[in-house]
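Below: one structure, written as structure tokens.
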Amino acid sequence: MDIKNALSRIVGQLDLTTEEMREVMRQIMTGQCSEAQIGAFLMGMRMKSESIDEIVGAVSVMRELAEKVELQSLDGVVDIVGTGGDGANIFNVSTASSFVLAAAGCPVAKHGNRAVSGKSGSADLLEAAGIYLNLTPTQVARCIDSLGIGFMFAQSHHSAMKHAAGPRRELGLRTLFNMLGPLTNPAGVKHQVVGVFAQTLCRPLAEVLQRLGSKHVLVVHSKDGLDEFSLAAPTFVAELKNGEITEYWVEPEDLGMKSQSLHGLAVESPQASLELIRDALGRRKTENGQKAAEMIVLNAGAALYAADHAMSLKAGVELAHDVLHTGLAWEKLQELGAFTAVFKVENEA
């Protein structure tokens, strides 16, 4: 099926099959479609609403075309990632949580990019922290195998995305591609916490990952609108485990934490996010630093559970709390900076 036929179907509010979606996505991602066609396709898909079959097809093509990171083992390797677009401009919770995971001995293959609508994307934060981003897949694998954490800069691993960049930018709206990033980890992780910008996406994306072979995933959206677990409101979870999907709400109190306002956790820049994270991961904390630490503990705990590194969400949160207060997570961030600096010298020689 070519994109013109697909557009005719979509205008008629008809879904594409998984295979038809694969064909159209392959045309888009290999430069066979005009920008007008891509923009029309993305807008039509949004107005129709993307089906699970269509998302599965799109994800499978992006994974196929990605520059992959080959790890010695995927057992227990986790990613904690969000779609973004929640409008809250909270500091980089998932990226900070990744260093707590690594300090706990849980390997992390972190996938991320620069900010699109927010103030600080994961790549922006890590760059502000002095971490070199332009790594080869082999170098990323060495980071994960040696330190227990590595960062995969999305634009380096999904170069085929450049064909859709113009239409996406000019549309200025959330499209299918906003959902695809968290589902296309170049290391092929089977354990994830995926934050989404709308509760209605939780179950569908859990079903997509179920069909694509994921093992243990939490797809989450908080009642106060965050694409992660919130301290200020209940969080809705669609959990994929043992091939089954269950849905439930989680209150901070269910996990031994206290509900509190998120006031003071919004940031205006990557540097501000880094300063708050340094405060949160350090031994002495300001009031906002303590609150940020609890937000990190909540989300890192969920990822420890998704990685099967903890037996329950509550046990994961307890472990994350203990690890964060050792100061080892901040040390892990500094280790990654030093480790990648060597690769920078190699790559720029």
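Yeah, the Cβs are placed from backbone N, Cα and C, and that goes for glycine too.
Copied over from Swiss-Prot:
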type	residues	note
BINDING	Gly82, Asn113	anthranilate 1 binding site
BINDING	Gly82, 85-86, 92-95, 110-118, Ser122	5-phospho-alpha-D-ribose 1-diphosphate binding site
BINDING	Ser94, Glu228	Mg(2+) 1 binding site
BINDING	Arg168	anthranilate 2 binding site
BINDING	Asp227, Glu228	Mg(2+) 2 binding site
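Feature annotations (Swiss-Prot) mapped to structure.
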{"residue": "Gly82", "record": "anthranilate 1 binding site", "Cβ within 10 Å": "26"}
{"residue": "Asn92", "record": "5-phospho-alpha-D-ribose 1-diphosphate binding site", "Cβ within 10 Å": "28"}
{"residue": "Ser94", "record": "Mg(2+) 1 binding site", "Cβ within 10 Å": "23"}
{"residue": "Thr95", "record": "5-phospho-alpha-D-ribose 1-diphosphate binding site", "Cβ within 10 Å": "28"}
{"residue": "Gly112", "record": "5-phospho-alpha-D-ribose 1-diphosphate binding site", "Cβ within 10 Å": "27"}
{"residue": "Asn113", "record": "anthranilate 1 binding site", "Cβ within 10 Å": "20"}
{"residue": "Arg168", "record": "anthranilate 2 binding site", "Cβ within 10 Å": "20"}
{"residue": "Asp227", "record": "Mg(2+) 2 binding site", "Cβ within 10 Å": "27"}
{"residue": "Glu228", "record": "Mg(2+) 1 binding site", "Cβ within 10 Å": "25"}
Whole-Å Cα distance, Gly82 (anthranilate 1 binding site) to Asp227 (Mg(2+) 2 binding site), is 6
Whole-number Å distance separating the Cα atoms of the residue listed as 'anthranilate 2 binding site' and Asn113 (anthranilate 1 binding site) is 15
Rounded Cα distance, in Å, between Asn92 (5-phospho-alpha-D-ribose 1-diphosphate binding site) and Glu228 (Mg(2+) 1 binding site) is 11
Nearest by Cα to Asp227 (Mg(2+) 2 binding site), of the binding-site residues Ser94, Thr95, Asn113, is Ser94
Binding-site residues Thr95, Gly112, Asn113 vs Glu228 (Mg(2+) 1 binding site), shortest C-alpha separation belongs to Thr95
For Ser94 (Mg(2+) 1 binding site) and Asn113 (anthranilate 1 binding site), the CA-to-CA distance in whole Å is 12
What DSSP gives for Thr95 (5-phospho-alpha-D-ribose 1-diphosphate binding site), in three states, is helix
CA pair Asn113 (anthranilate 1 binding site) / Thr95 (5-phospho-alpha-D-ribose 1-diphosphate binding site), Å rounded to integer, equals 11
Per DSSP (helix/strand/coil reduction), Gly112 (5-phospho-alpha-D-ribose 1-diphosphate binding site) sits in strand
